[in-house]
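Taken straight from TrEMBL:
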type	residues	note
BINDING	400, 439, 440, 467, 468, 490	S-adenosyl-L-methionine binding site
COMPBIAS	37-54	compositional bias 'Low complexity'
DOMAIN	310-574	domain 'SAM-dependent methyltransferase TRM5/TYW2-type'
REGION	37-74	region 'Disordered'
REGION	174-196	region 'Disordered'
């Protein structure tokens, strides 16, 4: 007795007609319902030499999953995107659509498990609604099969006001495809260009071997529909293909695992015929299927490290290519653009390191839209940025969020000395009492003001365009400002050198010592030392002219091998703030 794995309704078990056709590989299963371990398979094989000669040797089971190095290339000379298409041989079960989902659950572990490839395939033209049930194989005779004229007359008799609702294929059957004019050349480069256009947006295609469409007159195609030709038989309902694991390719039913045989044996009819057909398929994976690293490994010479990451700024992908990547920079950029659309629309590469006071980078547009103006969304805030004139680093978003969420308080007054376009200042303004934001770059200040208005925080931020030392001196010398409680100095290359401005910053407020609040300073810097925290701490002490005992060090990120970006947080010592100043602001 077969195990009660699935109870299918009787209309889902469709008998098959034995109707071999030249140039096809037909596998008709006749499973004897004797026991789960006894099977007899009758195989009728009629293949052309072209089909058998194009088949590659079976891949060893140890190599699992799709790869550009494993699949076969398309036959003939291919270039462009078609050169990345690969063909893989697979086996599949053709099953009734109604029984597809239960059978898929029962065969779990034996089906194809490749990324982005569904193991249930619906073939074009096999969308159900076929009008004539197939007679039982024992009763099927050549005279009992309906002809094209009989099918047309039956359509005319049974068509009613419900129209296409009752006959979903009627529209396709009654409207022949447009005929191509003879002698007119194909526009856009001929047949190869047409094939490239057809496969441009495709990810993969599954084709059953031996079921290619045959050539018939256009008048017959319009009469009975193109699904009436090129099929083994007419069915009474739609079917689906269940793609089996790649290790089952080119195997017969006897070679399948026992678990699959039990399922197939359970689904046989009482007369021994089966409604499930084992077919051989070709799975073609196109350029859009392969991930970025696979494409780059294919196009770059052997020995060159494949670039794996980039910084995203709005719709711009920012690459940092090595010297050996530069001869292939256009190809790399195009692959990055193709594999990250529509989010990425421009790909740029940094030409030189940051060497100016405004912290702007020299960028080269390699692919996509020739514009470096973009909008960045970070923590629910919008920032307009022009990478050609201002500085932005998306990799510091986590650090900025750390300051706002875990360091700043609602009652704080924040002073952002090197604000740029305002990622810290605007984020903090949503939480703290007030923010003073400054930057030396006038273009950055212009974008800062835009972003403040864009995020509706005009009442909580005051903007300055000054040198850092003059800005800090003016804030502490003014009588009309809120007492500053947090100072952020995010200029890792030079920020520690500006700490000398805090020595004697409160020299003119000697009488207000008891009521004076010392700010918490968060200064950023780089270090290549073995002990980066100790090295950065010593540089802070040297600039302030006094040993600062309580300094909290936080490693932000590793910017290069052996080079750390650090954040040092400490409270400005009273002895430093009221010491004799060694710096006089101009």
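Note: Cβ is positioned from N, Cα and C throughout, glycine not excepted.
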Around the Cβ of residue 439 (S-adenosyl-L-methionine binding site), other Cβ atoms found within 10 Å total 30
Cα-Cα distance maximum in Å, computed over every pair in 400, 439, 440, 467, 468, 490 that the record assigns to S-adenosyl-L-methionine: 23
Mean of the pLDDT scores, which run from 0 to 100, over the domain 'SAM-dependent methyltransferase TRM5/TYW2-type' (310-574): 92
Neighbouring C-beta atoms (10 Å sphere around the C-beta of residue 490 (S-adenosyl-L-methionine binding site)): 22
Counting only residues 6+ apart in the same chain, whose Cβ is under 8 Å from the Cβ of residue 468 (S-adenosyl-L-methionine binding site)? 417, 418, 438, 440, 489, 491, 498, 501
Sequence gap of 6 or more, Cβ distance under 8 Å: name the residues on the same chain that satisfy this around residue 467 (S-adenosyl-L-methionine binding site), in order along the sequence. 440
Spatial neighbours, same chain, of residue 400 (S-adenosyl-L-methionine binding site) - Cβ under 8 Å, 6+ residues apart: 378, 379, 423, 424, 427
Using a 10 Å radius around its CB, how many other CB atoms surround residue 440 (S-adenosyl-L-methionine binding site)? 19
